[in-house]
Amino acid sequence: MPDTIVAISTPIGTGAISVIRMSGSKSWQICQNVLLRKTKIEPRKAFHNYVKDSDGTILDEVMVIFYKSPNSYTGEDMIEIMCHGGIAVTQSILDTLISHGARPAEPGEFTRRAFLNGKIDLTKAEAVKQIIEASSRKTVKLVAANLAGRLSEIVHKLRETLLGTLAKIEVEFDYPDEILTDPYLIEKELNDAILQIEEILKNAQNRLILSSGIKVVIIGKPNVGKSTLLNTLVKEERAIVTDIPGTTRDLIEVPLMINGISFTLIDTAGIRHSHDEVEKIGVERAIKAADEGNLILFVLDATTPVDENDKKILSLIKEKKYIVVINKIDATDLIDREELKKILGTNTHVLTISALKKEGIQRLEEEIIKSVKDLIQQTDGYITTQRQYEYLASCRKELSDSIEAFKKKLPLDIVAQKVKEALGSIDKLLGTDYTDDLLDRIFKDFCVGK
């Protein structure tokens, strides 16, 4: 029988209330042992009481709710204790429950038990974590549909359809001398399944980018003001700023919110030819970050003419989406605009700013939003994790292989095997086929108490 687990479910800190959650077969027994008054309980009804410690001293006035198995979040007997939201009082109640036999919960253990007890599948479990971590309204909307079970519902229906198709194929295989099903119908059902998967996957990469934060990479040669720009955009000192070129050697990643859209802003080492081994590593990382970014802010220094280092950087990013940012316009402007236009071409966005004086920053933010509009707009759908994407893409490939085998009139057991492999990918997506390692990876980053 699983241990009875306990954890604080609300953020640690001072607030109006804290919630302590306990799940397992001994939940009510342990709870009774710490309550001042013996109470007759009704499931899902809050009641008033006091929590006492082992010597009978009252710790706090509380409200308690009991959830009877299987009608609870975890599918087990569950208790929620709502106490005053102080750090000391909440921890004291938690310690008292542990001293009476409850075990401190691991990260995500309540949701893991909900999955293992059949209350949710893995798509819903992932949605729980994502809605807690969502940093923008757009991401909340994307994830909420899966929390309500939309992706799960669609994929379960797809699974049922494929099971029916597999049954038709296996009947043909078992009775080869009889024509029991129109071959065209089998092929059509497989094609329809592929079309359905493609509809689910449509714009999925954009949704994954949006949910994790659109990557905006700041690049340029040393001492052009990249770190100052990062600090100005995030409105705090996150990167070290000095007049010494090459101060930034490693990537600095900072979350940024603009108009409710979540970004990850990345400051990089200045790109130039160098014999310094550490600086060379920083330059390599900067180039790699630019290659992986969704948008580049290419920073030029208004106080120095465009040189070969600038041109080299431009050659590295010319296939990417980028904005040219001329910084330090509060000082002497030595950049020849006509020469710059020849180098960049006429369609390149060029903005002038002073990161130090915070001039032109609002216009830059507006241009950033405009530049990623395609990512922001094309986000309808339900795929919100790379794991979901990969299993559905695998399912699509296996179904395509089954159609090819069918068209080539290969033995029907080969066609059936491909459909079974497609179903296997769906089972892994939903979690009906899982390993402990997979669950560990999914739940390890959950907060304790969820």
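Cβ atoms here come from the backbone N, Cα and C positions, even for glycine.
Cross-referencing Arg21, Arg207, Arg363, Arg387 against the (6S)-5-formyl-5,6,7,8-tetrahydrofolate binding annotation in Swiss-Prot, which names Glu80, Lys119, Lys450, picks out Arg21. Counted within 10 Å of its Cβ, the other Cβ atoms near Asn223 (K(+) binding site) come to 20, all protein chains included. Confidence for the domain 'TrmE-type G' (213-373), expressed as mean pLDDT, is 82. Sitting within 8 Å of the Cβ centre of Arg21, Glu80, Lys119, Lys450, and not among those site residues for (6S)-5-formyl-5,6,7,8-tetrahydrofolate, are the Cβ atoms of Ser9, Ser23, Ser72, Tyr73, Thr74, Met78, Phe110, Thr111, Ala114, Gly449. Rounded to a whole value, the Cα-Cα separation of Lys119 ((6S)-5-formyl-5,6,7,8-tetrahydrofolate binding site) and Ala269 (GTP binding site) is 48 Å.
Neighbour density around each Cβ, counted as other Cβ atoms within 10 Å, peaks among the binding-site residues Arg21, Lys119, Lys226, Lys450 at Lys226.
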